[in-house]
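Contents: one structure, followed by commentary.
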Amino acid sequence: MSWVRRSIFRLIVWVFTISVLVPVTDSFASDVEATENEANGSELYPQQSHSLARPKVGLVLSGGGARGLAHIGIIRVLEEMHVPVDIVVGTSAGSAVAALYAMGLPVEVIEQRFHEMNWQRGFQDKLDRSGLSMRRKRDSLMHSVDVTLGFNQEGLRLKNALVQGQQLELILNDLTREAAYINDFDQLPRRYRAVAADLATGEAAVLGTGSIAQAIRASMSIPGVFPPVHLDGRLLVDGGVANNIPIDIARELGAEIIIAVDISMPLIPQEKLSGLFTIAEQITNFLTRKNMAQQLSLLSDQDILIVPDLEDFTSADFDRSDEIVEVGATAARNAAVQLKALKIGPLQWQAYQKNYVRMSSQAADIIHQINIINESYAADDFLRKRITQQIGESFDRDRLERDISEIYGLGYFETVTYTLKKVGERNVLEILAREKSWGPNFLQFDFRYEDDFDIDRRIDVGVSVNFADINALGAEWHSHIAIGSEPKVMTEFYQPLDTVDATFINVRAAFEKQLFNLFVDDDQLSEIELRRVYGAFTLGQELGNWGEIAAGLVLEDADLKGRIGVGLGLEQSLQHGILTASFTYDTLSEATVPRTGHYLSSRFERYQPDLGSDERFDLFKINGVLAFSHGKYTLNLRGKGQFASSGNVTVDRYASLGGAYNLSGYERDQFAGQDAVLLGAALYRNKLIAGFDCYVGALLESGRVWRPFVAESEDQWRSSVSAVIGARTLFGPIQLASSVAESGQGALYFTIGNDF
């Protein structure tokens, strides 16, 4: 029987040896395979050397706006359960999450990037005012209405979408920065496709080559919200209307088992179908649900469909990203029984992760070539000299985006974007500048209204015409007309002298009428009408997008006429020949009630008899603002002053205090003098109502005039305090202020637009 015992013992040893060596051999084979892949070149990724030991798994991520953040939670659970994914396909928001996962980024990094992404910035083109050129900042002071219409020989032209995608393209370039030089999506660690829709045919457009950022941009181009994307001769829009859950594409790429995620929007109930946008959204939902039904019918019994419970979330709830991610994770855990069938062992998972190496950032790569693709009237040098990235230097993304923002802030372009390409062994940076499709000439509007519910009410309505397509240096011809209480007609020609150094000349001619009141103490004696006709020549230098220095000559005829009171019928004519010098620093975020930034305007004026002035005197004018914000609170510190060199100042050049936000507790122009100072401090609380840019605040002002117009008037410091409630709107700031002066005098103001 001993031979029987020996045989049984040998059998046990043999079985034990086989059970130990087989997984070790598999692991060793995987390691050898990975090593061979590295030796054969970094472009050979796991999808090209897939082990036959398990089926290929395809992850299909549908579109649905902010609801797409649920995809991240699902990927997190797949990683936790050791469920491998070889192919990733996505539409719209799903294409963005799919891209980062295909790039091999850890799920923690993907989640962090999407949480930190400024979605609000992505859905607007408008730069913060601080990023505009100095010329466009001056426009914001003149035009409070945030509406611009284009026109040409055929008439008025409107934008082709609510948002042109300028900021979104920069965001997507940064989001996918590790894959900047990838032109073939099969070179990614996981095979990847983005799905858009061909606007000409309505068919799905499967994107597998080119810029990953542009592919995502096309897949997310919601019709009417973003314009179509020009790509490879096609006009592409959001893929949701053609194939919102592209299961068939994953199959074509070789997926044997599908994990599909449906985060699409449900149909809107009838009682909520009341507005244009909801009706348009419902029509889009019809198209989406129809193509999704066709795709979902392709799922087999071994495939897995995950439907997160997103009933409480809309496609715009980007500010609830944490919650949406967790809803996705919960949905994946609820499917754990099905997902468990795809789970692989620890050694296989280790080999799988080793193959799916995270792509390294290309930020330190040397740029060998810079191409300017100029689809505008501006000269190529006009663009190239504003790009400070140099050939032979390491790529500096932050610097390039600052340069692009400055170019875009000039106001001439629909979009200014960039792509990185690998041409052979050379790294190529391409800058694409596309002029505004609704231009090249534009109309801008202004509306100003001020009422003190007592003796003073003023209203002006204005329109400006700007011709920009004049020459390659960026010349502009700008004309403005305003009607109302203080009418104005102005035309000017602005001509840069070089493509980059921002030296310019400006020639202006204008007629305007102004009204001011004449007081003695608290009694209004008269209302004076001032009519001015002047011409001005200026030579200046812009200092980036933050400052300007200039010098010039002004020739002016002025006529004063009494309208009411003791000055009725009195007239006076004045002539001025003025040499000017000025400096402006401006980084304010808004023209009125700014949240952040600084402003300083200083101007010296010399009135010369040999240039035609009736009197010889000098004026120095200064105006400054400091704006700070913390959380919901904003502090504005303001100051302005005028100082005269002698007592010969003509009456039309007197400075006045009183009126809305100009020593508010007193009547408009209640105090006038050759010299004046006004200081103010205002504290505002923003975001009073969710979804509305409204605020409430308190304003403290103190001011004084010297050498007053009426010699008997007291020249002393006076103070005022105001309570303000307002909102930033399409027509500019709308504000209601209640003011009380230290003397007990009070005023109530309602204003729309910028100050008079």
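Here the Cβ of each residue, glycine as well, is placed from N, Cα and C on the backbone.
Checking TrEMBL for motif 'GXGXXG' across the ranges 63-68, 135-140, 435-440 points to 63-68. If you draw a 10 Å sphere around the CB of Asp238 (active site, proton acceptor), it holds 28 other CB atoms from the protein chains shown.
Residues 90-97, 119, 219-220, 238-240, 244, 263-265, 288, 308, 310, 313-318, 320-321, 324 of the same chain sit 6 or more residues outside the motif 'GXGXXG' (63-68) yet have a Cβ under 8 Å from a Cβ within it. Ser92 (active site, nucleophile) sits 6 Å from Asp238 (active site, proton acceptor), taking the Cα positions as reference.
Mean predicted confidence for the motif 'GXGXXG' (63-68): the pLDDT average there is 91. Per DSSP, the motif 'GXSXG' (90-94) is made up of 2 helix, 2 strand, 1 coil. A sphere of 10 angstroms centred on the C-beta of Ser92 (active site, nucleophile) encloses 31 other C-beta atoms.
Helix, strand and coil counts from DSSP across the motif 'GXGXXG' (63-68) read 4 helix, 0 strand, 2 coil.
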